[in-house]
Amino acid sequence: MASPGVRVLLLLVLVSSAHGDASGINRTRGNRTLTPEEEEDSQQHHNNTKAFPVLSFNFEHVRKPFEISLWILLALLMKLGFHLIPRVSHIVPESCLLIVVGLLVGGVIKALDSDASDTNSSVPVLNTKLFFLYLLPPIILDAGYFLPIRHFTENLGTILMFAVVGTLWNAFFIGGMMYGVCQIEAAQLGDVDLLSCLLFGSIISAVDPVAVLAVFEEIHINELLYILVFGESLLNDAVTVVLYHLFEEFSHAGTVTITDAFLGVICFFVVSLGGVMIGLIYGIVGAFTSRFTLHSRVIEPLFVFLYSYMAYLSAEVFHLSGIMSLIACGVAMRPYVEANISHKSYTTIKYFMKMWSSVSETLIFIFLGVSTVAGPHVWNWTFVIFTVILCLVSRVLGVVGLTFIINKFRIVKLTKKDQFIVAYGGLRGAIAFSLGFLLTDTHMKTMFLTAIITVIFFTVFVQGMTIRPLVELLAVKKKKETKRSINEEIHTQFLDHLLTGIEDVCGHYGHHHWKDKLNRFNKTYVKKCLISGERSTEPQLISFYNKMELRQAMMLVESGSLAVLPSLTSMQNIQPRDTVKQRVIPSISKRREEEIRKMLRSNLQKTRQRLRSYSRHDLMMDPFEEDLSEVKFRKQRVEMGRRVRLTETHLNVHNSLSFKGINPQSNKNTQNKIKIYRKKLKNRQHNTQNDTKKSYTKKNAFTSNTQNDNKDTK
């Protein structure tokens, strides 16, 4: 074996010989000697060869992922800094500060860019593809997966009224009034036609779920108001998409027919129900897939994210409602997936969704600020001011009018305070900006975008900053921070069964009836197919107890108090303190003790006898009850009166028959029967009076004995 030094020397010799052979080949072509020109060219080529680069710089190769990482890092740092300053977080919402940060970053980028006056390519803009395909799905998935199903289903009718009828009202009211404003000569907006105004109204009318989430989660409003506003912002997506595409086609065509309007109505049902169906299909497939992940727990969270995102993309392929598809997928998938996956996978899904949605929400508001600086803008005072005013007026009129109709059918009415919060919480956000960004590049598009940005800033800054003081001023009920206990779950299920039974008795097939039918179908068929093992037949109360245990364990781990808890051996070694004083047993006389024993013997012997079955028509009464005689006497009197009336009717019938010559002696027989019944009635009345006298004497004797016994014990 050669030493390492010899190996290095041999390697150098081989390299030098190879270099000499290469140079010889360059100088000679076979046996031919190179000409002076060829030798000069080879020498020049040898001088132009560069040395091996020790350090190189190529930023363009990693520019795009590097910029994305910087933006995400900026968003996280801004979110961290916002929560480190509690005074600011109590006054200004997080969304407002993020928009301000976006304005500052956009201003710095535009100031450093030398070509910003000519082109805006270097300034990042919140375009439609970035928003709808990458930033919006995580937020909607988090909202749909952890949606409070009970509050959502109980208020589904109210939510649909606000989402469908309210959005239609806002779109047509704002569009029609803005067309009237554009006809004013002083506004200089004569080139804006009716269809363009209706298109603008459909863009600006929808409540934004991102803005609602950002504001309402900070003020901790109660569950009813939160689900009304947030549910409206989720379900109005179908109306917004249909109106946007409808008016966009009409504005290009220039004419509207009755057939087009009818097809628009059909398109609304296709877009909404089609999105829900796609979401349900992917949700069921995802739940069925999670049934077979017992031996590969690592990939469980990935199935949830991929199936949800594929549901959103599949809906967007057919121009259906991607938001409703994502919500339906999350709602359908969650109960079965959580029953199949492990606790670690559940924790991973929960925190990754929260993290992903939080980062997306932060980037959306930052990009809104950057896009505002990027421009271009066309400012028209009349158009912008009337847009803000009409948005507020249409929202108030729509909420008040719809609530007047809804309260006639609701058990829990919406009060004036609730109506004010619902109307004031109609915030606009990035969805309106992205839909406006989709318009054709014209002078009108720039004016529409300027008005949309103004409305977004007004709702986020003015309404978002003042809604917390108004909630505290009006003393609106806030959300309960405590978790539900098993006792509350038992009583909730009991009330559900009770209301279902009442609906069945009344013959009214309401909300609880259909909910019970759906639960039975789910337990009988669906759970057996989508849940593996014994969890498919597990009672609902036990599954709730398991979830509550998991939640408490996660809270202990997060708070770090798990290590502080004492172990089992230390708990066994703890001696209980003898601080409770023993209760002094009073002494009684021997005579009283014998009476108690006799009473217990007699009562214990009576318990071995066969007890009467319970009936609500025949209740056992206390023999010492004062009204016993009166109750029995009234019952007997009513019974005897009924029999007397019955015999009198027979008497009348027999009289009529005897008048016709039929059965003449039946009259005497019935009269004798009446006399016998009256005698029996008097005898029973006399007997009941004697029974009451005896019961009173027994009761007085018993009370006197107890008083004497008490004196003896004292």
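Keep in mind that glycine also has a Cβ here, set from the backbone N, Cα and C atoms.
Range 318-337 is the one annotated as transmembrane segment, of 318-337, 538-557 (source: TrEMBL). Between the transmembrane segment (385-409) and the transmembrane segment (358-379) there are fewer than 3 Cβ pairs closer than 8 Å, counting only residues 6 or more apart in sequence, so the two stretches are not in contact. Between the transmembrane segment (446-471) and the transmembrane segment (223-247) there are fewer than 3 Cβ pairs closer than 8 Å, counting only pairs 6 or more residues apart in sequence, which means the two stretches are not in contact. As a whole-number mean, the pLDDT of the domain 'Sodium/hydrogen exchanger regulatory region' (565-638) in this prediction is 54.
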